[in-house]
Amino acid sequence: MSAGGEHLKDEGTRRQVVLAGGIAGLISRFCIAPLDVVKIRLQLQIHSLSDPTSHAHITGPVYKGTLSTIKTILREEGLTGLWKGNIPAELLYVCYGGIQFTTYRTTTQLLAQLDPHRLPQPIESFISGALGGGIATAATYPLDLLRTRFAAQGSGDNRVYESLFASLRDIAKTEGTVGFFRGCSAAVGQIVPYMGLFFATYEALRPVMATAPELSPIPLPPGSGDAAAGIVASVLAKTGVFPLDLVRKRLQVQGPTRALYVHRNIPEYRGVFNTMGLIFRTQGLRGLYRGLTVSLVKAAPASAVTMWTYERALKLLREHEIAAGRDE
């Protein structure tokens, strides 16, 4: 964290923010990729785990919890199965991180010019976070859809797409442009409040958490306060909007390939409200929160790594530019 508890909007040039955001996204994605695959598999599973008769006729795998799912994937698909969809996901996280942090910084700077009628700091952070998340999600959504489809497909002869370029060609040919944006409304509807809540909470906790390493009875690495603030903010925000995340995943695998993924019994859904209503009627409220545990397990370290890496990368970029200026 920056000295003096600066807000994110006050730090770095536009180029530095883009680079730091991209680096943070790249590293964060690689670290949490296995948990992302597990989350997607659990979210696409429609049968009840508490009722064995509901999956008596299921031909695909039955996943029961995070550790069980990891073991099943390792046994049936090998270690690489836990990194399925990582290429589009890495592209997604790099682009998303750069766009998100740039939009956040730009929006907060624009809002700061409203003096003497400035909004309260938490509201500024919420608006900036919501805009950053919404714009980044819409701009990178095709990569998000590809990430989900690759994570949901089987191995060997059961693969739906052979490569990233093959998936782009096949979706464009069989589903058209609209195929790349299935579930986009649910994604934006989820990410806007999520990122608004995340950044508002993060900015509020950041100055408080900055003193945590100094007060700790054991030595903590630099940036621990940033990581802790990211964890708390992520868990609180993720829980509130999780049903829309699940709806997004169900919609992303619709289309002509719907019955070809690991879960071959995915129902046909039409629209956000239709999907949410059908899940609630057939699986209850619990069905809308399927995969929440692994999602929180994933979101906490992902946000911690993202914010820690972003702060460290931005600091290094700023120091490098200052040093380069002195040498000129």
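Note: Cβ is positioned from N, Cα and C throughout, glycine not excepted.
Annotation source Swiss-Prot lists repeat 'Solcar 1' at 12-110. Annotated repeat 'Solcar 2' per Swiss-Prot: 120-208, in sequence order. Residues or ranges marked as repeat 'Solcar 3' in Swiss-Prot: 221-316. Per Swiss-Prot, transmembrane segment is recorded for 17-37, 79-99, 126-146, 185-205, 227-247, 291-308.
Residues 17-19, 21-26, 28-30, 33-34, 36-38, 70, 73, 132, 135-137, 139-140, 143-144, 146-151, 153, 155, 164, 306, 310 of the same chain, all 6+ positions outside the transmembrane segment (79-99), place their C-beta atoms under 8 angstroms from a C-beta of that stretch. Away from its own ends, the transmembrane segment (291-308) comes close to residues 24-25, 27-28, 31-32, 35-36, 38-40, 42-43, 65-66, 69, 97, 198, 202, 223, 226-231, 233-235, 238-239, 242, 245-246 of its chain (Cβ-Cβ under 8 Å, at least six residues beyond either end).
Secondary structure of the repeat 'Solcar 3' (221-316) per DSSP, as helix, strand and coil residue counts: 73 helix, 0 strand, 23 coil. Residues 7-8, 100, 104, 121-123, 125-130, 132-134, 136-138, 141, 144, 228-230, 232-234, 236-238, 240-241, 244-245, 247-248, 251, 272, 275, 303, 307 of the same chain lie 6 or more positions beyond the ends of the transmembrane segment (185-205) yet place their CB under 8 Å from a CB of it.
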